[in-house]
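Trainee: Just dropping this structure here.
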Amino acid sequence: MTILGTALTTNATKVMLLGAGELGKEVIIECQRLGIETIAVDRYANAPAMHVAHRHYVVNMLDSEALKQIITQEKPDFLVPEIEAIATSLLVELENNGQKVVPCARAVKLTMDREGIRRLAAETLHLLTSPYQFVDDEAAFRKAAVEIGFPCIVKPVMSSSGKGQSVIRSEQDLTSAWTYSQEGGRAGQGRVIVEKMIPFDFEITLLTIRAIDGIHFCEPIGHRQEKGDYRASWQPQKMSDIALAKAQHIASKVVENLGGYGLFGVELFIQGDEVFFNEVSPRPHDTGLVTLISQDLSEFALHVRAFLGYPIGGIRQLGACASAVILPELSSTNIVYTGLEKALKANRQIRLFAKPEIAGHRRLGVVLAHADSIKHAIEEANLGAQAILAHDGDNHLSR
């Protein structure tokens, strides 16, 4: 029997979030609904999840000693990584000494870079993937691109939100693609993956939950990416029964191998009835923000329920729904918004993340929509997102 304590009491159940972005904010909110004591950690102050946590810390999470000091001080019952740029060797050490890491330290370590999870999927689990090579320098990169053939894609083994990722259509693109890949990697990593570009029909995220009562799947989520980053998502994504069965089989094999309890975002390419494995995140997925409106239990609620050790039971999908990103371009440390009255129509919702600053393009929120069809839901979400404008509050006169 799992015992759940009350926040800010002697027997409080504590969850420490490593990475305090918009996805983590929703995880914290779900923990708060269960009376859990929450601690948010990130590399910068006033990150979204810090706004709703009981306490927060600002630290470089690649610094093992600094991170260990905070964890030792707080003694959380659950360590919940929200991002990849964490000292994973420390998580392994802590787990070996009895600390609960969500879903488990091995899953976090394997998925922190593209090489670990791609080799697991293709070489250990023998799942269908695009042809690929991992390389460390420009000469090897050029050779790999020619051998794999054009068009191909280059990605840093450690990056997120499409940083450093580009499509190479000919040898003329190689120099710029290599330079960009080196600028976009996390944690000083120069290694990249070069992979064949698959002519897929569409790509999906299959949110897969490993819980005490078995494996559960959400309905497939379709999404649109630009420059490797999510711009819109919708659920359910229509696909053949054969492809769906293959997708669920692949997702099951991956999450069962990774282990632990929690929600996993399994990214797949669909080509007719064929399914190719792409990547997996052992945590809620940005495309899954649509589940805030499309399901009775969002991906965040499912993640929390699973890692606490409680059964999922069932997941009810509520019809055609979509999300669209609010992605302005400006520079400000005092962001204000207009246009919400235009965006807030029937069957639309808004989530503003309260990010403290912006320099260039940055995802500041999403609009969620429910409609009678996926096409109309996408249109409604996009119209809502376009209506919301972000401004520098220091210079905006009509506040």
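One-based numbering along the chain as shown.
Backbone N, Cα and C define each Cβ position, glycine as well.
Quick paste of what Swiss-Prot says about this protein:
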BINDING   Glu22, Leu23, Glu82, Asp286, Lys355, Arg362, Arg363  N(1)-(5-phospho-beta-D-ribosyl)glycinamide binding site
BINDING   Arg114, Lys155, Ser160, Ser161, Gly162, Lys163, Gly164, Gln165, Glu195, Lys196, Met197, Ile198, Glu203  ATP binding site
DOMAIN    119-308  domain 'ATP-grasp'
BINDING   Glu267, Glu279  Mg(2+) binding site
Trainee: How big is the Cα-to-Cα gap, in Å, between Glu203 (ATP binding site) and Arg362 (N(1)-(5-phospho-beta-D-ribosyl)glycinamide binding site)?
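Mentor: The separation of the Cα atoms works out to 23 Å.
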Trainee: Only counting partners 6 or more residues apart, tell me which same-chain residues put their Cβ under 8 Å from the Cβ of Glu195 (ATP binding site).
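Mentor: Thr129, Ser130, Pro131, Tyr132, Gln133, Ile148, Cys152, Ile153, Lys155 - these are the non-local Cβ neighbours of Glu195 (ATP binding site), listed in sequence order.
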Trainee: Just name the winner among Leu23, Met197 (the binding-site residues) by count of other CB atoms within 10 A of its CB.
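Mentor: When each Cβ's neighbours within 10 Å are tallied, Leu23 leads.
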Trainee: Just the number: how many Å between the Cα atoms of Lys355 (N(1)-(5-phospho-beta-D-ribosyl)glycinamide binding site) and Gly164 (ATP binding site)?
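Mentor: One finds 23 Å between the Cα atoms of these residues.
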Trainee: For each of Lys355, Arg363, count the other CB atoms within 10 A of its CB; which of these binding-site residues has the top count?
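Mentor: Sorting the candidates by Cβ neighbours within 10 Å, the top entry is Arg363.
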Trainee: Which one is it, among the binding-site residues Glu22, Gly164, Arg362, that lies nearest to Glu279 (Mg(2+) binding site) by Cα separation?
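Mentor: Nearest listed residue in space: Gly164.
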Trainee: Can you tell which of Glu203, Glu267, Asp286 has the most other C-beta atoms within 10 Å, given these are the binding-site residues?
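Mentor: When each Cβ's neighbours within 10 Å are tallied, Asp286 tops the list.
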Trainee: List the binding-site residues among Arg114, Gly164, Met197, Glu267 whose C-alpha is within 10 Å of the C-alpha of Glu82 (N(1)-(5-phospho-beta-D-ribosyl)glycinamide binding site), in sequence order, or say none.
Mentor: none
Trainee: Restricting the comparison to the binding-site residues Glu22, Leu23, Glu267, Asp286, which residue's C-alpha is spatially nearest the C-alpha of Arg114 (ATP binding site)?
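Mentor: Nearest in space to Arg114 (ATP binding site), counting only the binding-site residues, is Glu267.
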Trainee: CA-CA, which of the binding-site residues Gly164, Met197, Glu267 lies nearest Leu23 (N(1)-(5-phospho-beta-D-ribosyl)glycinamide binding site)?
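Mentor: Of the binding-site residues Gly164, Met197, Glu267, Glu267 has its Cα closest to that of Leu23 (N(1)-(5-phospho-beta-D-ribosyl)glycinamide binding site).
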Trainee: Just to verify a number: CA distance, Glu22 (N(1)-(5-phospho-beta-D-ribosyl)glycinamide binding site) to Met197 (ATP binding site), in angstrom, no decimals.
Mentor: 30
Trainee: Can you check how the pLDDT averages out over the domain 'ATP-grasp' (119-308)?
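Mentor: The answer is 94, the mean pLDDT of the model over that range.
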